[in-house]
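Annotated cyanocob(III)alamin binding site per TrEMBL: N46, Q95, L198, Y220, in sequence order. Among the features that TrEMBL reports, domain 'Transcobalamin-like C-terminal' is placed at 142-214.
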Amino acid sequence: MATLALTCVHNGLVKAEQSRILEPIHEALDKLRQQILRAMETNTANIYSIGLALQALNVTSVSYPSGDWSCSQMLAKVLTEISQGAFDNPMAAAQILPSLVGKTYLNVIRLSCLSVMVEYTIINHLRGQHFNHTIRVSVPKGSVLLSVLQAAQQNNPQDFSYETKQTSWGLMVVSINSRAANSNDKTYWQFFNGTKPLEQGVDSYVPSNNEHIEAIFSTY
Ligand code: B12
């Protein structure tokens with residue numbers, strides 16, 4: 001954890017400060033790396049230390065490309081242990097998972113750029129109690145529209161509840177705010193990106209940043 005924290009400080013340094021504390025940081029990172037490698041060599045680190053150790057060795061491998069540890073050997077050991085159930089504990093899994101996908105906890109810094117803001121409006125001016133609600137929600141980039149509906153419901157369950165039904169085309173939104181589609185009445189929830197009707201359902205359509213999605217209770 002100290003290696004990750006120091007690397008984070010190192011990467012965030014502004015130029016004026018660099019000369020003053022860069023060297024002690026390098027020294028500390030070097031010492032930590034040696035300690036971790038020694039623990040690995042002498043087997044004093046057990047399998048549950050490997051998750052954070054791999055992350056630490058990964059973030060320091062740019063400054064120390066000497067190849068003095070075998071990442072693939074370590075991963076092979078971990079994979080064997082995984083198949084034997086050693087990482088069924090959620091905390092153990094959380095520490096090892098980043099290395100298995102080539103990431104470390106330091107990648108979290110960039111997560112904010114990986115989300116999109118979506119404005120979501122639901123309108124019923126057709127039957128029963130009229131309503132018109134708008135909410136702005138943030139969802140991970142690449143999420144399907146269903147995540148927007150889920151986020152809206154989570155942020156404001158009073159105004160943004162919904163229900164879906166599994167169909168041959170995937171999940172269809174059959175009710176919003178208790179206003180249900182009805183085939184006898186030929187009513188349904190129609191989805192738009194701005195004024196353009198969506199050509200996919202909520203479990204396929206991927207909204208872009210700042211998109212305005214409207215769900216309007218309509219007839220067909
Ligand atoms: C009739 C129809 C509708 C009717 C269904 C009403 C009814 N009770 O019959 C209504 C008007 C409600 C409808 C709505 C939508 N539809 Co429509 N619909 C069709 C159509 C023309 C025929 C479906 C049908 O009757 N099949 C025969 C029956 C026997 O089979 P079924 O499996 O039981 O049919 C059900 C499903 O198809 C479901 N359904 C209908 N449309 C859609 C769309 C989605 C995304 C889902 C998950 C389910 C679904 O409703 C049917 C009746 O329960 C198809 C065309 C096609 N090529 O299939 C498009 C089609 C399936 N719909 C489509 C779309 C895009 C939509 C909407 C998303 C449009 C929008 N902008 O809002 C909405 C759904 C929004 C939501 N609430 O989730 C697309 C799906 C494309 C895709 N890649 O996902 C299709 C292929 C039309 C097209 N060429 O663009 N639809």
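Each Cβ is built from the backbone N, Cα and C atoms, and glycine gets one as well.
TrEMBL annotations: computationally assigned, not manually curated.
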By DSSP assignment, list the helix, strand and coil residue numbers for the domain 'Transcobalamin-like C-terminal' (142-214), in that order.
-> 11 helix, 29 strand, 33 coil
Of N46, Q95, Y220, binding-site residues neighbouring ligand 1, Cβ under 6 A | Y220
Average model confidence [pLDDT] within the domain 'Transcobalamin-like C-terminal' (142-214) = 96
Other CB atoms within 10 A, centred on L198 (cyanocob(III)alamin binding site) | 17
Measure between the Cα atoms of every pair in N46, Q95, L198, Y220, the residues the record assigns to cyanocob(III)alamin, and report the largest value in Å, rounded to a whole number.
-> 64
The most crowded of the binding-site residues N46, Q95, judged by neighbouring Cβ atoms within 10 Å of its own Cβ, is Q95
Are there residues of the same chain, six or more positions away from Y220 (cyanocob(III)alamin binding site), whose CB falls under 8 angstroms from its CB, and which are they?
-> K186, Y188
